[in-house]
Amino acid sequence: MAFKQHLFELWSLLIDMGGWTLVALAALSILTVATALVSVVQIAMLQPHSYRSGAAQDLRYHIEKRKKAGATRVQIEESATIVVRGFLRQARTGFRLLELIVTAAPLLGLLGTVLGMIDAFQAMQAAGDAVNPSDLAGGIWVALITTAAGMVIALTAMIIHALLDSLVESLRYRLECVATDALFGNGAERSDYRSETSAQNDVLKAGAE
């Protein structure tokens with residue numbers, strides 16, 4: 001019962017300070033935090049802590065399956081690239097939403113300020129000669145709260161997006177290492193492939209000349 005009372009008081013405070021716009025901004029802030037937590041968990045689940053865990057195991061299994069099917073090395077590389085892209089797309093699930101919040105939060109805050117300014121000037125017009133400058137200043141101050149809140153939320157979402165993007169890049173690197181290890185196996189095989197690729201490039205260059 002006490003929790004409901006506190007929640008109602010917070011709700012009333014938000015409406016009094018910035019109207020429904022501030023309530024919407026509060027919802028965006030909660031959505032930002034929730035999206036960040038879900039993305040972190042998602043990336044952590046995909047993160048290959050070893051070559052035999054999580055996405056790494058699935059990637060190695062896919063490459064080994066393609067090898068047994070007799071696919072060429074180029075075909076295996078292309079197939080592995082598609083698999084890695086799928087994992088990265090899964091890791092970036094909440095990125096679009098964060099980008100939307102970065103764009104929408106300042107605009108929503110500015111809208112709240114404009115609406116608050118309209119209310120303040122309407123009150124000033126209704127008061128006529130009896131207008132109190134302190135009341136006008138108070139109305140403007142309340143109206144500007146939504147702009148500040150929108151900027152804070154957008155900045156927070158932008159920072160979270162950048163941090164999550166760095167985690168995804170780390171995931172990409174680890175998956176590429178796993179794919180390289182599964183594809184080439186030992187160093188000798190990798191060296192043979194490099195020599196083969198270099199020879200093919202030399203032939204292509206000679207043909208072009």
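Positions of Cβ are set from backbone N, Cα and C atoms, glycine also.
Automatic prediction, not curation, is the source of TrEMBL annotations.
As annotated by TrEMBL, transmembrane segment applies to 20-44, 97-118, 138-164. If you look up TrEMBL, you'll see 68-176 marked as domain 'MotA/TolQ/ExbB proton channel'.
Applying DSSP to the domain 'MotA/TolQ/ExbB proton channel' (68-176) sorts its residues as follows: 100 helix, 0 strand, 9 coil. On the 0 to 100 pLDDT scale, the model's mean across the domain 'MotA/TolQ/ExbB proton channel' (68-176) is 84.
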